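Copied from TrEMBL, the annotated features are:
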- His55: active site (ACT_SITE)
- Asn127: active site (ACT_SITE)
- Tyr341: heme binding site (BINDING)
- 7-23: compositional bias 'Polar residues' (COMPBIAS)
- 8-395: domain 'Catalase core' (DOMAIN)
- 1-27: region 'Disordered' (REGION)
Amino acid sequence: MSDRPRLTTSSGAPIASNQNSKTVGRDGPVLLEDYQLIEKLAHQNRERIPERIVHAKGWGAYGTLRVTEDVSKYTRAKVLQPGTETPLLARFSTVAGEQGAADAERDVRGFSLKFYTEEGNWDLVGNNTPVFFVADPLKFPDFIHTQKRHPKTNMRSATAMWDFWSLCPESLHQVTILMSDRGLPQTPMHMNGYGSHTFSLWNDAGERYWVKFHFKTRQGHKHFTNDEAVEVIGKSRETYQEALFGTIEAGGTPAWDMFIQVMPEMEAKDFQAKTGWSAFDLTKVWPHDMYPLIKVGEFELNRNAENYFSEIEQSAFNPSNVVPGIGFSPDKMLQGRLFSYPDAHRYRIGTHYDSLPVNKPKSEVNHYHRDGTMPFGLKTNPDAYYEPNSFGGPVEDPSVAEPPHRYEGEVDRYEYRSEADHFSQPRALFQMFDEGEKSRLFGNIATAMTGVPEFIVERQLALFDQVDPAYGAGVREALTHAKTENAGVDTSHAAE
Ligand code: NDP
Ligand code: HEM
């Protein structure tokens, strides 16, 4: 017997042989009583859990948030007080591809942060873009269907994507970012992160401020062109994992600076009156000259997970995980997400997903939820299993009550502001691009439109024209080149 640990069944019984099944005679059939074999095969059949419905392919690591500045006048959140250091888990992802997809694909990137604060977990589940394609959660499942596989061809459909985008002009801003250089970062370390939504901060005096969160990469922005990505993917499909895991394994500590934009609660109406944009519209940014970036601190990544499945795959990021001092806003998309994520986690992982080590808060957890799958570490006080009780069970703490939100209005299904200006923010972005960036934008769009029916292309071009005539004209010209190059090749993925 060596000094290595003894192999056992999952119920702890020592195992004599892990190489040979139990058979009737040397060449005879295997016995059903070989419980070791049955356990091993049965376990293997259950090794996969459903992948995330979106953002299935991901890369993550642990790190630390350090608050270097004083933003305490805006928030009482302990995690945001000057000098505080908080452990965190980051998970980056692509949106559309499945778990086996190549990393270097053109797509929006997820940018999720879980801060293990002393008052519970705070999750910021953002993207590498400050805006999104749609502004109403009712549109989200349809949008995602256009990014996933066509039900008949089982291939991605460019037709579906451009059909949807051209019918939802609010997507123009995000489409422009996606098709620009920043739509294909070289690694997760070379991109910014944004909370994207408007959230809120509230302080001890009960004052609320609307807030947007920004994380700027210290590694600089680095992107692949489409052609470079083809080469990269030809050599490796796992380039993000190699880069992030490899950097941290070699002692590197990729870092981001954290900023906020802050809007006093009552200013949201003025912002709307001045700009025509709602402060809660996820397809819009708050211009920096109106709401400058305020530095909060920095975070670095410094430790890889020991087990990818249990720490990265089973991590559960949830926009409704906030802590006292941080709150929501009326942003409809955010409101939809507050329901969607914990619902997804209960289905994908199990009822007590928050009890798994990676999701478990580092602060004390006391609740009265009972039973269900994976109830690890539920506290036992056999008589205090309901609330209120007279037997010493946990009680509420009114000192953490959030100030009330001030809402008014008539309940209705309001159309997305038909008068909304979908064009000036993409225009500001387009006009920031240099000639090279513009030309790559046109080329990327033309490539992405390959095989899309003419009437959809025309509808989308009319939208680009409204952003800037040079935008529409540039894409038209790139499409002419693309048509010459693709002559005779049927690349349509659509089943029209
Ligand atoms: P600013 O000039 O103050 O800010 C421009 C922002 O754009 C910076 O955050 C910069 O990020 C980012 N940016 C720079 N180059 C590119 C690029 N090639 N692709 C994508 N983003 C880039 O102007 P405004 O605040 O008035 O915003 C103008 C436009 O910039 C917006 O309409 C929006 O499209 C885009 N933008 C605005 C942001 C905001 O929160 N206001 C955030 C990100 C983009 P960095 O400093 O990291 O390079
Ligand atoms: C993942 C729903 C919009 C960023 C997910 C998941 C669901 C979901 C169900 C899978 C969760 C899981 O299984 O763990 C929605 C809905 C949206 C929406 C209903 C709109 C109403 C957004 C927006 C952003 C975003 C606007 C970014 C600003 C992410 C990220 C992940 C994710 C980063 C991966 C989280 C991780 O790393 O585990 N989304 N989403 N989503 N979503 Fe969304």
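Glycine is no exception: its Cβ is also placed from the backbone N, Cα and C atoms.
Confidence annotation: the domain 'Catalase core' (8-395) carries a mean pLDDT of 97 in the model. Counting in whole angstrom, His55 (active site) lies 12 from Tyr341 (heme binding site) by their C-alpha atoms. Distance noted between the C-alpha atoms of Asn127 (active site) and the residue listed as 'heme binding site' is 15 Å. In this structure, Asn127 (active site) is part of a beta strand by DSSP.
Within its own chain, Tyr341 (heme binding site) has Val125, Ala316, Phe317, Asn318, Pro319, Ser320 as residues 6 or more apart in sequence whose C-beta sits under 8 angstroms from its own. All protein chains shown were included, and the count of other CB atoms within 10 Å of the CB of His55 (active site) stands at 22. DSSP gives His55 (active site) a coil state; it is part of no helix or strand. Using DSSP to sort the residues of the region 'Disordered' (1-27) gives these counts of helix, strand and coil: 0 helix, 3 strand, 24 coil.
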